[in-house]
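Look at Swiss-Prot and you will find M50, G198 tagged as substrate binding site, backed by sequence analysis. Residues annotated as ATP binding site in Swiss-Prot: R125, T171.
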Amino acid sequence: MQVDLLSSAQSAHTLHLFHQHSPLVHCMTNDVVQTFTANTLLALGASPAMVIETEEASQFAAIASALLINVGTLTQPRAQAMRAAVEQAKSSQTPWTLDPVAVGALDYRRRFCLELLSHKPTAIRGNASEIMALAGVANGGRGVDTTDAAANAIPAAQTLARETGAIVVVTGEVDYVTDGHRIVGIHGGDPLMTKVVGTGCALSAVVAACCALPGDMLENVASACHWMKQAGERAVARSEGPGSFVPHFLDALWQLTQEVQA
């Protein structure tokens, strides 16, 4: 199994494209992470919108550059709105990304996420336990936390990518991105990133935005992982703990965009 590495030049090129296109991202995400997700997208130069009412969600999915479906705080009314948005995204050819939060631990969201797979997501982003559960390999995870190493989920990610046509991202100490055939590994980041709620969910929003860019989608999505890990490393170097990490992280994302424009 060959795992390729993403070049810094490719990551920088994708970030330049990201800033040029400034994707409008329709984030149907969980209640816990909305502010952090929006600020992450803004720091990178995208435009976030959190539209959840069923009638509006369908309408907005048609005009957005990309759609994110995150099931972290799933309810039946929210599921109805997400269905409507995904159906409209499919009709409008709007790329959409699925973040199957805790799909291995809870039955209702597992059934819902499996239903959404029939609508062919453009990308799927989860931790190892979530990806393995979605692929039908195992049911696991400790709530939203993984109990598996990312590398162990690569075969499941490849299977899921081939079955759905999606770019699949498995996040962990090393992130792995696959289209079912090629695999790209992204190293970096810091364990402190796991002590702040929302870094994974925010990454899913950036992945969604990258799916709206021209070029090689696998490399574009891998670039999203690279930016987040880069920013995490820079932020940790300036932080004293989780509380000071968040503002430094947002600053680091912003600085990355300034560097590629210089």
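Here the Cβ of each residue, glycine as well, is placed from N, Cα and C on the backbone.
Since we're looking at a predicted model, the values are computed, not measured.
Annotated features taken from Swiss-Prot, shown on the structure.
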residue : record                 : contacts (Cβ under 8 Å, 6+ apart)
M50     : substrate binding site : C27, M28, T29, Q34, A38
R125    : ATP binding site       : T97, L98, D99, V168, V169, T171, G200, L203, S204, V207
G198    : substrate binding site : V32, V33, F36, T37
Query raised in the report: Taking DSSP three-state, what's R125 (ATP binding site) in: helix, strand or coil?
Result: strand
**Report entry** Cβ neighbour count within 10 Å of T171 (ATP binding site)
**Finding:** 28
Query raised in the report: Secondary structure at T171 (ATP binding site) (DSSP, helix/strand/coil)?
Result: strand
